[in-house]
Amino acid sequence: MEIVFSSSLSSTLTVTKILRSPRHATTGNMQDYSRFPLFFTIASRSNASQAKHRRSANYHPTIWDPKAIECLRTPYTYDGVHGARLQKLKDEVRSLLTTFTKEPCGQLKLIDSMQRLGVSYHFREEIEEILNLVELDSDSDLYTTALHFRLLRQHGFTISKEVFEKFRNEDGKFKDSLKEDILGLLSLYDASYLGMHGEHILEEAKDFSTEQLKSLLGRSQGDIVTYQVKQALDVPLHWRMQRIENRNYINIYQKEDTNNLALLELAKLDYNLVQSVYQIELKELARWWIALGFREKLHFSRDRLMENYLWSMGMIFEPHFSKCRIYLTKFICILSSIDDMYDIYGSLDELELFTSALKRWDPMALEELPDYMKICYLAILNFASELVYDVLKEEGLYTLPFIRDEWVKLCQAYLVEARWFNSGYTPTFDEYLENAWISVGGHEAIVHACALLGHTSTEDFQNFLKHGFELIYWSSLLVRLNDDLGTSQAEIKRGDVVKSIQCYMIEKGVSEKEAKDHVKGLISHAWKVLNEESVKCSLSRSFVNVCLNMTRTAQCIFQYGDGIGTSIGVTKDRLEFLIVKPIL
């Protein structure tokens, strides 16, 4: 079925409606097909377009050509010898969990190693049961007490901050005898980042352990513990992107004298097998990205398929969430191009039109859009239809109202920023964040991910989003703050809207350093709220982890600047060892 418009820009637009329906469906009235999603292809023959001054961000070309991605190879596969060996190793490691039943410290160390090696998802039920039952003696040392505290909070269990009181003197300060206990101090430091508001002892623990670890570093001999201390002081364990931590910790664990060879082999094999899943997903995504046509049609936007996949992998790395990662990557790829359209390329009147058209959610709205926006508009509708259809088919859950609302809210937030820029308006810090936590796309990404985590009904999904709002909000705010710290200078140079740092500088009349310190303070504040919400939250740990992991991924991507816009360097290196290079 074809619909032909006569465009106001003297172009002819052909829209072909493609029904994704069972083979036996026959042509008939459109109402007969209302239960199936509509997919659209676009062919535009434009005679001319209105000449407008267009800005450019001058993004470098992709360093990951989609055709090269399709050539990724690995000898690892779940079939045959590797799959059989994986199962055998899982059985061996599972038996280890029962070996230490009378040694709580041994159990806790094993669980911690499993988590940091990236294999704990195989033993989730066993780990939860152990953590629910394990109790420490009153004379347990600093290392074990802090490790126990951290693991319980990470898994959503309630544990009091008072467990650290025994390590303080009568004057309330941590004992001098702890100052040489480097493993205990590192464990205390890691635990302190699971603190909540009002837990002053954990703030004191953070200050004390930080000071002592820095002092010990000055006298260290460069061993493996020293390396871990440097790593912790650079990025706290609780803030690290999981998959990068897994790769790094495998290298650390194999150098430890007390490592378990079966667990080490499992970690390496599992890492390589999961990497093979990532490569399969990326090959599918590379074909989709080429077919989408953004690379040829939208020269102003970032071509960053691999880097966008890093976001998805960071949010949810386990192999059985493959479909979630694929849809998240598609979402982020389209979002990035739409973001560039609002930030850089589109004129304000065009952006007003696009936002209005998206509210209508109707392919007929294409007639009023300039040619370059048509492909963006249809990409959103096609993607949403594909996702909604898949979730409806697999889960029986109808998500279109939620998905549509997220896209509309996102573009409305983009439009607010475009209006600010075009009018020369500088918002206050609070006014900026009120809009920017939405425009960063975190809320929208989590809603898309949640649609693929499995729900029993539309009401269940709605309640999920309602009761998880605080987690979604604070994790999205953290993404925005990390983004601004890493990208604000580059975005200001290319003429983008002011970011939180500039808003605070102008509003308060302070230096850039003071503004950045304020943002860093807000990041610490937000993490404390997240810690509390992740324990209070009665929703699935998969949902909680997606929220936390999105924040961790943002910290990773923007740690050294704009890891997406300028992805040559650290981002490239990380993608190579996460996706391309197996562990030998």
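Cβ coordinates are placed from backbone N, Cα and C, and glycine is handled just like the others.
Now, the feature entries from Swiss-Prot:
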- Asp339, Asp343: Mg(2+) 2 binding site (BINDING)
- Asp339, Asp343: Mg(2+) 1 binding site (BINDING)
- Glu491: Mg(2+) 3 binding site (BINDING)
- 339-343: motif 'DDXXD motif' (MOTIF)
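Per DSSP, the secondary structure of the motif 'DDXXD motif' (339-343) breaks down as 5 helix, 0 strand, 0 coil. The number of other Cβ atoms within 10 Å of the Cβ belonging to Asp343 (Mg(2+) 2 binding site), over all protein chains shown, comes to 23.
Remote same-chain partners of the motif 'DDXXD motif' (339-343), defined as residues 6 or more beyond its termini with a Cβ less than 8 Å from a stretch Cβ, comprise 57, 298, 300-302, 351, 354, 372-373, 376, 411, 414-415, 417-418, 439, 441, 491, 496-497. Counting every protein chain shown, the Cβ of Asp339 (Mg(2+) 2 binding site) has 20 other Cβ atoms within 10 Å.
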